[in-house]
Every structure is written in C-alpha cells, then in structure tokens.
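Per Swiss-Prot, Zn(2+) 1 binding site is recorded for CYS138, CYS143, CYS160, CYS163, and the stated evidence type is experimental evidence. The Zn(2+) 2 binding site annotation in Swiss-Prot covers CYS179, CYS182, HIS186, CYS198 and is backed by experimental evidence. If you look up Swiss-Prot, you'll see 203-213 marked as compositional bias 'Basic residues'. Per Swiss-Prot, the feature compositional bias 'Polar residues' maps to 222-233, 304-313. The annotation compositional bias 'Basic and acidic residues' is assigned in Swiss-Prot to 249-258. Taken from Swiss-Prot, the feature motif 'Bipartite nuclear localization signal' covers 195-211, and the record attributes it to sequence analysis.
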Amino acid sequence: MSSLSQSPPPPEMDIQPPALVNDDPSTYSSALWDWGDLLDFAADERLLVDQIHFPPVLSPPLPPLIPTQTPAESELDPSPEESGSGSDRVRKRDPRLICSNFIEGMLPCSCPELDQKLEDAELPKKKRVRGGSGVARCQVPDCEADISELKGYHKRHRVCLRCATASFVVLDGENKRYCQQCGKFHLLPDFDEGKRSCRRKLERHNNRRKRKPVDKGGVAAEQQQVLSQNDNSVIDVEDGKDITCSSDQRAEEEPSLIFEDRHITTQGSVPFTRSINADNFVSVTGSGEAQPDEGMNDTKFERSPSNGDNKSAYSTVCPTGRISFKLYDWNPAEFPRRLRHQIFQWLANMPVELEGYIRPGCTILTVFIAMPEIMWAKLSKDPVAYLDEFILKPGKMLFGRGSMTVYLNNMIFRLIKGGTTLKRVDVKLESPKLQFVYPTCFEAGKPIELVVCGQNLLQPKCRFLVSFSGKYLPHNYSVVPAPDQDGKRSCNNKFYKINIVNSDPSLFGPAFVEVENESGLSNFIPLIIGDAAVCSEMKLIEQKFNATLFPEGQEVTACSSLTCCCRDFGERQSTFSGLLLDIAWSVKVPSAERTEQPVNRCQIKRYNRVLNYLIQNNSASILGNVLHNLETLVKKMEPDSLVHCTCDCDVRLLHENMDLASDIHRKHQSPIESKVNPPSSGCCCVSSQKDIPSRILNFNKDPEAGLDCKERIQADCSPDSGGKETDPLLNKEVVMNVNDIGDWPRKSCIKTHSALAFRSRQTMFLIATFAVCFAVCAVLYHPNKVTQLAVAIRMRLVHKI
C-alpha cells in the first residue's frame, strides 16, 4: 500500500493516508468517517483512470478489493462494537464515493437531496394518492375513481375502466392514452390512430407472430421469456396461464391480430360480447377470414339471367371482385411509401377500375377491382399459379417478405414456411355472410342510414366496414329487432342499422359494405353515392329490377317487410349489383393516374353497354355524369389511343352512343324541346323490339351479324391470342390483350335511333327552307305590301316602348 501514499490527493483535499500495520484490514481505524478510508477509495478510482493513460507503476500487491455495490445496496461500515468481531465484518463502499460531485471535491454531496426534490416535484399527486386512506383509486388526477371492486389487473396499474378505454386523458398537463400491454400512459404520438396499444408493443407483437412454430415447447418458451423480459411486458398469471393482457384489453385490441394469435400462439382467448357504439374507421384495421364459398355473391361471375324481354335485365362485361393482402412484415407506422406506390402502380395496370384501401396494424391492403370475365375465370381456375408468379417470383415487390395471407374473393391463401410455400386455407362455416343492404343509393353530403341483413354477424369483435373514395367512413350501428309472425321468426337472418353522419358532397362513385368478426370476413355489397338526380333515377332502375323478381308488385316499404323475403332480396341484390357497380364506376370522376393509361377494348365495351342501357331507360341525369367523365377521359388521351386499343366498330359504336346520349341529356335540360321531340318515347327499340332486338338482350344470338368486325374481335378475345394460361395475371401485355368473349352484332337499334334523329333534323331543315323561300318570294313579288307591313310592325313596337 506504499504506492497509495505517493499518489497525490485531490486538489481540494489535503489529507494524509493512514498507517497500515502488515496490510491487515483489521487494523483500519474504526471511526465512522475515517478520511484514510476515503482517500484509499478515491485513490482506487484515480488508479483505474491512470491505468488507461499511463504505464502501470510497480508497487507491492494490494489487498483484494470488495466488489462495488449499487447505491441502493451500499451503506456505511459498522463499527467493531456493532458488528461483533472486527474480522467478520463486510466492508461496503460509501454511496457518495461513486458520485462525480464528491470525487471532484464538492463537499458535502447534495445529489440525493436534489434527486428527492425532483421526484417530489414530478409526482406530487401520485405520492398523495399512494399515501391516502388505503382505498385503491385511479391514478388519473381528474378521475380518482374507486377501483377496489375491479380485477387485479386494474388494481395493479391503478386505472379504472373508463380511463383505460378512453381515447385520451389529461395526465401531468399532457394528453395521454393508456397502453393496455405496457400498463402505462403514453403520449398520443406513440399510438397509431384508433389503437389501444403503443406502436412499440404492436411491433413486438408482430415479430412474435412471425416466428416459426416449434414442436418442442422448451425453446419457444425460452425465446418467449427472453423477448418478454426485453420488452418489459406486463404478464398476468391466472389459472397457470400467461396472458399478455386482460380480457378488457383483448376486447379493444385489433380483432385480426387476436384472430391470428389463435392459430399461431395460444388458444387462451376469452370470448366476449362487444357493445355496439360509434367507431371511427378512417384508419381501421380488421381483416379476418373470408366467408364460405356459397356466401360470396361478388365472386359469381356468370352473366346475370335475363328475364324475358324486360329492359331491366343486364349483364356486366367486367365483374368486380376483391383481392386483399395481409402483410405481417411491415410495421403500420413504418410502411414504406415507395413500396405502397409500387403496389398501386401494379394495380393501375388492371384494365378497367380499381379502388384500394390500406389499413394499418398488420398492413392490410384491400382492393376492389373490375376485370373481364375471362381474367376472373383464369384466376379462379388456377389461383395458386398466378399468386406464385406474383409473390414468389424473384424481383417482385412482395418476394421475400415473409408470411402473409391473401384473400381472393371467396378463397384464402397463406404464405408459410418462411414465405416460400403458398397454401389454400379452408373457410369456416360460421363465417359472416351478408344477404342484402337496403337502400343501395344515397345522396352525397347528406346523412346515410341503411339496413343490413345477414347471417352469423353478431359475434364477438363484430364491426362493419363502409369504404368509399379511398377511406373508411365513421359510423354507428345498432341491432334492429326482426318482427315475429305467429310467434315464430320467418327468417334466421339478423338486421342492423348503420348510420353515417356525413360524406363529401363533391365525391360520387361506388361504396362497399363489409362486416367482420372473430369468425372471419364477410362478402361485400356495393352501394352508389351520387347527387339527387342520380339517386332518383337509380331508384327507378331498382324498381324495375324489383318488378322482375316480384311480379305481383310487391314493394319494399319498411324494415318489417324484409324478414319474409330474405332470399328474394338476396337474389335481387346479386342481380342488381352488376349494373349498380358499372354505373357507379362510370359516374366516378377519373383520377389523374387513370387518364394517363390507354383505353382498352374492355373499357370501350363496358361504356357502350352502360350507355346503351341508360339510353333505353331515358336516364338523362346519369347520362350527363357519365358523358362528362368519358369526355374528360377521352380528351386527356392521345388521339390514336382509342384506335390502337380496339377495332373500328367499337370506336364508332362508342361515338354513336355518346352523340345520342348527349342529345337526350340536352333535351332533358330544355323542357320545351323535349315536349316537341320526347326522348326515347318514339324509339323503335321499344315499339319494335321483337323485330330489331336490343344489343343488351341479344349479344350472342346473331352469329351472322357484324361480319366485318367479328374476326378481329374473336382474335382479341381468344385465350390463345392474349397469352398462355401460365402467363402472369398482372402482366400488362396480357391484361391489355384480354377481352370479353362475347360477339358484338352489327344490327342494333342504335341505327334506328340515328335514323330517327336524322329524319327529325331533315324535317326541321325543310320547314326552315320553306319559310325562307316564302319570305324571299313575298319581298320580290309584293315589295309594297312588305314595306307597309314592316312600317306597321315598327310603329307598334315604338308605341309600346
């Protein structure tokens, strides 16, 4: 210990080291504050620093040092009298010796007092609550509700039910939200919108779900324990099971996450019944399993059956379906913008229409897309091959992203084994199913109230999704009691009423209604949102569809009449949805990305079919919206883009339909002219429908018609010409070359319409010519009389003025 005496003391301390006898610790002074001991420890600290910068100094060996204790465990050395034998006592380091203020010579050290003052200033009210009368109360200052009757979870974290489920509370002067996994209050920026768990916990949760299942529970349990310790998660032990949250937390958590946990981690979820209240679904998650095969009306892409010669019969060229990707590898708050742009760029290659929605949580991308029937047929025939081509092919944007779930209409596929194998999953029988929605047309900018009928809807974690114009509309929903007949229910379906407060009055287009619960995701039913005139005409069109299904003139007047005709309304909904979607897509204002893409034949055919149907039904207001969007779309395109995408006959037919629709819309705006020439009332399509059938009802019935265009249409529509069956579904060249399989006849009532319009114009021209000739003859042969007549008319006009 001689080297210690040579070491200089601190600048402000002039203390000599104590004399040691044979380096025996028992010979140290027994004083409580022995400055020799202090200098000894201070020298140790300086030696540790000196060894880094200077070479070691040769000195006799030092006695072994006692391990350093933490400030919480350190205490002063007791005297020999207090400890009994001096040789048996254990030396502990003074807690002040590790303080930088004390080492620098600032005596006395005031750090403990400052720390205590800071703690008292930070949490004065919490300490007051802890030191109260012993009654367990909520830690929120403005609440302090009695939680003694609640479960152990709420008592441990000192939070009541209202504060735990509130969107935010004021705590320490800031808006905070309770994290049901951490058991603490965090600032609002730490949460995603609508979430009850902080972003860090959700990311940890997703990482746990992505781990491969292990047969032997030892390794998995060890990894789970390490991950839980690193994450400081709150674990409740009840009945020998470890659960990361209480049942109240699971009620507020994301249903899709809990549903997937049931397959991956544990079966210990607690069922519950959720109260029906207002939910904001602007950035809502929720994608469960799909519905049974027989419950998906949007995946039946056969043509709708025609009912005789009724004009309301309609079959769509490009049915609308749903494709959804549930991605587990991306954090909701860190979803790459570039990748999202790539996904939408890929979707923009689809031939007709699309509407995409992204929900956080497990990053769920849902797309409602309209494609030709032949493409849906190929996709339904071999879905695994097409999905493998897009997901598992190197270089694709989803390649190597790990596990994911793909919902393709009424089918479910999961990417397993580290993202290398795509497997189809069976659909649960108790999955929800929507029968119909009434009404299906709503005016933009006004409150929306609709009735939903379906099966297996009221289950735990039930929520409705109403998507429109790229976002989910906030709404409230409630159960509607179905009336009984003779003490027995006439229908097993359940009825719900959905109230949407407001919507954008300037946005028109399709909306989609879905429902999800713990059993999965239902089918979707489309709606249309437009202005008052569009809604009025859509109601008339819907009444014609009702007339085809209810020959005796039954009408829908109230919710009480719906229970006795659930099946009939379901059939009407599936029949009417094709026309409704085609009209809704047509009245939607085209986006900037869509105007940059060339128009293909499927779009031309769809526009021709929609225009033809609306012309026959004299729907002038809808025609005005469709024409405005179609003209805007055509003007922004290249002049030759229409010619390159389809044959001349389709282009000529489109121009004829646009001209005729423009005339009808113009006559509808001028009532006087419409009375002289009533639109569509004199159309020979209606009067002579047996002689000259409509294109709507007879697309493939005249094999000899349209010989000049038939070969080109068949060449484009044949599967071999567009590509092989194994070609990628989302390949741009294949999509653009695939068209409807129907033949377009040359004979139609459009020429009759054109001839009628031409004859009316010729008649007006003859009348005008006769009047001009009569006036010229009168001037030439009777100039005096004409002069007198002109003077008389002039005098009368001057007199009146």
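Note that Cβ sites are derived from N, Cα and C of the backbone, with glycine treated the same way.
Mapped onto this structure are the features recorded in Swiss-Prot.
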residue: CYS138; record: Zn(2+) 1 binding site; Cβ within 10 Å: 23
residue: CYS143; record: Zn(2+) 1 binding site; Cβ within 10 Å: 17
residue: CYS160; record: Zn(2+) 1 binding site; Cβ within 10 Å: 21
residue: CYS163; record: Zn(2+) 1 binding site; Cβ within 10 Å: 24
residue: CYS179; record: Zn(2+) 2 binding site; Cβ within 10 Å: 25
residue: CYS182; record: Zn(2+) 2 binding site; Cβ within 10 Å: 19
residue: HIS186; record: Zn(2+) 2 binding site; Cβ within 10 Å: 17
residue: CYS198; record: Zn(2+) 2 binding site; Cβ within 10 Å: 22
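CYS163 (Zn(2+) 1 binding site) is 13 Å away from HIS186 (Zn(2+) 2 binding site) when you measure Cα to Cα.
Using Cα positions, the member of the binding-site residues CYS138, CYS160, CYS163 nearest to CYS179 (Zn(2+) 2 binding site) is identified as CYS163.
In sequence order, ARG137, GLN139, VAL140, GLU144, ALA145, ILE147, VAL159, LEU161, ARG162, ALA164, VAL169 are the residues of the same chain, not among CYS138, CYS143, CYS160, CYS163, whose CB sits within 8 A of the CB centroid for the Zn(2+) 1 site. Residues ARG177, TYR178, GLN181, LYS184, PHE185, ASP190, PHE191, SER197, ARG200, LYS201 surround the recorded Zn(2+) 2 site, their Cβ atoms falling within 8 Å of the Cβ centroid of CYS179, CYS182, HIS186, CYS198, which are themselves excluded. Counting residues of the motif 'Bipartite nuclear localization signal' (195-211) by DSSP class, helix then strand then coil, yields 12 helix, 0 strand, 5 coil.
The average pLDDT computed for the motif 'Bipartite nuclear localization signal' (195-211) is 77. With respect to their backbone Cα atoms, CYS182 (Zn(2+) 2 binding site) and CYS143 (Zn(2+) 1 binding site) stand 21 Å from each other.
With respect to their backbone Cα atoms, CYS138 (Zn(2+) 1 binding site) and CYS198 (Zn(2+) 2 binding site) stand 21 Å from each other. Between the alpha carbons (Cα) of CYS163 (Zn(2+) 1 binding site) and CYS198 (Zn(2+) 2 binding site) lies a span of roughly 16 Å. CYS198 (Zn(2+) 2 binding site) is 19 Å away from CYS160 (Zn(2+) 1 binding site) when you measure Cα to Cα. Classification of CYS163 (Zn(2+) 1 binding site) by DSSP places it within a helix.
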